[in-house]
Amino acid sequence: MSNESTNDAPPDDDPDDPEPSVDHDDTDGLQDDPADSVDDAGEVDDLENLGSDVGVEGDVSIDEDNAEDDLLGGLRIDDTSDITVPDRLVDQVIGQEAAREIVKRAAKQHRHVMMIGSPGTGKSLLAKAMSRLLPKESLQDVLVYHNPDDSNEPKVRTVPAGKGEQIVDAHKEEARKRNQMRSFLMWIMILLAVGYALLIATPARPLLALLSAAGIYLLFRYTNRGSDAMVPKLLINNADRQVAPFEDATGAHAGAMLGDVRHDPFQSGGMATPSHERVEAGSIQKANKGVLFIDEINTLDVRSQQKLMTAIQEGEFSITGQSERSSGAMVQTEAVPCDFIMVAAGNMDAMENMHPALRSRIKGYGYEVYMDDTIEDTPDMRRKYARFVAQEVEKDGNLPHFAPDAIRELILEAKRRAGRKDSLTLKLRDLGGLVRVAGDIARSEGHDLTQRSDVLEAKKRSRSIEQQFVDNYIQRRKDYELGTTSEEAVGRVNGLAVMGGDSGIMLPVMAEITPAQSQEEGRIYATGQLKEMAEEAVENVSAIIKKFSDENMSEKDTHIQFVQAGEGGVDGDSASITVATAVISALEDIPVAQELAMTGSLSVRGDVLPVGGVTHKIEAAAKAGCERVIIPKANEDDVMIEDEYEEQIEIIPVTHISEVLDVALVGEPEKDSLVDRLKSITGKALDSASDSGTTGGNPSPQ
């Protein structure tokens, strides 16, 4: 398929022939070769073992009898140096069973994939692993030639990998020989002209000789400049590549992703650079027959997304100048092959800002997959987490190996961060950061191995911004005595919230009942920058208030304040039982214990529903000095608080609002009367509430 039209050769006085970009992971080609499937079948089958059933323990023994109770899954090691780290990237993937199955199918069938999930769950790792297991295509080089019919539309040719360099070298050698011949003829003519001028018997013969030599030199120098354009440019060089390419176009501008044509400041006077030499390949051309990975796909501008759609649909894309002010905007090559597998990634908001047609292309020619945040806690998975620690140590290269107790503490932290019973977190990037901080501490302390104490210290030093903010907030509350100094208060309840997903904070809620301002009905006024979900939770609480109260609520206004909620406001429904308790306390004038905090969602029938982040909320209550905390019964097994807090706080699981009031309110005669009245109205006895359990429902994100 090579273009052998080399009728003219360029002169050798233009040494600045631009070199093509070849120091990237480029694999480009034009045509599918069915013969490749025979050699590639075995490699695609390797995807069956994509991070699953890997011998993470190498030659180390496993105590199967104690595997269930051991945080190492029965692994018997002296330190992480005993654990064999797989050489292949695919074998280092942990969890994400559904995503691995999708990746396997996409690699076999050449399908696009969109991965949506939280940061640090392995999206880029899976994409890179997929590229290394793609079938080996017949790699090709891409050449760009001058178009004699239209210099602004360079021709594109493909040749087998390695042939591109040979063709360019052959063109350059021919140009060099032709240049030598032109130089030889030029000097012969200059000598003849000078000799003839000197033979003429006139006073001006020296000047005539000089002018003759200069004229001949300029004639040879600036004529036949078109021969320069006959040397093609090697746009993509795959001479040394043996595997499919992986191109990361995350955050790339239009020129870097789609290809570009450089601006030529000298466009006339014989100084112009041929248009084909100014063509530069983009990520989509370099990713031909490989994987194009784009993280945060929604951050691409609409114009780039539209052109990406065209490339996906057609499998080829012309390169043109991306800046309308550049001379390259007038150049447009023939179509360059870009038959890639696109792996798009992003968080949940990616789908909102993503071009609908681009998402439709991916769905029409591929798969969508949601990345898991957690995975079931099993002995085998714990052993893989131990291998993960060994991988991080080997990858960093400057960390001391981890002792077994340090690995156990890291696995325990993975359980805590999961926020669910019998689960481990799959946000391994954050966990890897903790591994590196612990290793740095161990090295600074002069430890041969990273110990459990180093991991505990790392947890303190590697706190998130939200955790540091919460600690400062608690200290400010103490400094300015923002917390109540009494043991009980009417209409005031200590609620609990989560910031940033891994930091709990105590958020007091106050309620007050006043005569209605409107003559038609009583209203609920909630302040604290409540968001939509929190506002709906307040409305649901009002149903319970109206149901049990003897008061005519149409004649009263209910004021609810989330004290010092901050600029971020309040979202989620986990403060439902807090709001209900505060309003009931204010309405009935019954005080609430102030050494108590609570969290939980609430149904309109009074059932307490599960919420998220319960571990972080309990720890926040303990830090704030609370002695007791109320949580939903359904979250009881999700609690994974640190050892230092277990003796500081009592955890009280509940299933119904009547249980909440029985624990939170003080003043026996008034409280008992209120609770009994609530039981009779709701038809739910306190004694039978624990047997009936919860009514279900999904955990709140807050």
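Heads up, the Cβ atoms here are built off N, Cα and C, so glycines get one too.
From a predicted model like this one, the values you see are computed outputs, not experimental measurements.
Per Swiss-Prot, the features are:
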{"type": "TOPO_DOM", "residues": "1-183", "note": "topological domain 'Cytoplasmic'"}
{"type": "COMPBIAS", "residues": "10-48", "note": "compositional bias 'Acidic residues'"}
{"type": "BINDING", "residues": "G117, S118, P119, G120, T121, G122, K123, S124", "note": "ATP binding site"}
{"type": "TRANSMEM", "residues": "184-201", "note": "transmembrane segment"}
{"type": "TOPO_DOM", "residues": "202-206", "note": "topological domain 'Extracellular'"}
{"type": "TRANSMEM", "residues": "207-223", "note": "transmembrane segment"}
{"type": "TOPO_DOM", "residues": "224-702", "note": "topological domain 'Cytoplasmic'"}
{"type": "DOMAIN", "residues": "487-667", "note": "domain 'Lon proteolytic'"}
{"type": "ACT_SITE", "residues": "S574", "note": "active site"}
{"type": "ACT_SITE", "residues": "K617", "note": "active site"}
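What Swiss-Prot annotates, mapped onto the structure for a quick look.
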| residue | record | Cβ contacts under 8 Å, 6 or more apart |
| --- | --- | --- |
| G117 | ATP binding site | K123, N347, Y370, M371, D372, D373 |
| S118 | ATP binding site | N347, M371, D373, K427 |
| P119 | ATP binding site | N347, K427, R429 |
| G120 | ATP binding site | K427, L428, R429, D430 |
| T121 | ATP binding site | Q96, M371, D372, D373, L426, K427, L428, R429 |
| G122 | ATP binding site | V93, I94, G95, Q96, A99, M371, L426, L428 |
| S124 | ATP binding site | D248, F293, D295, A345 |
| K617 | active site | L496, A497, V498, G504, S574, A597, T599, V629, I631 |
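The number of other Cβ atoms within 10 Å of the Cβ belonging to S574 (active site), over all protein chains shown, comes to 33. Counting every protein chain shown, the Cβ of K123 (ATP binding site) has 26 other Cβ atoms within 10 Å. Other residues of the chain with a Cβ within 8 Å of the Cβ centroid of G117, S118, P119, G120, T121, G122, K123, S124, the ATP site, are M115, A345, M371, K427, R429. Mean model confidence of the topological domain 'Extracellular' (202-206) amounts to 66 (pLDDT, 0 to 100 scale).
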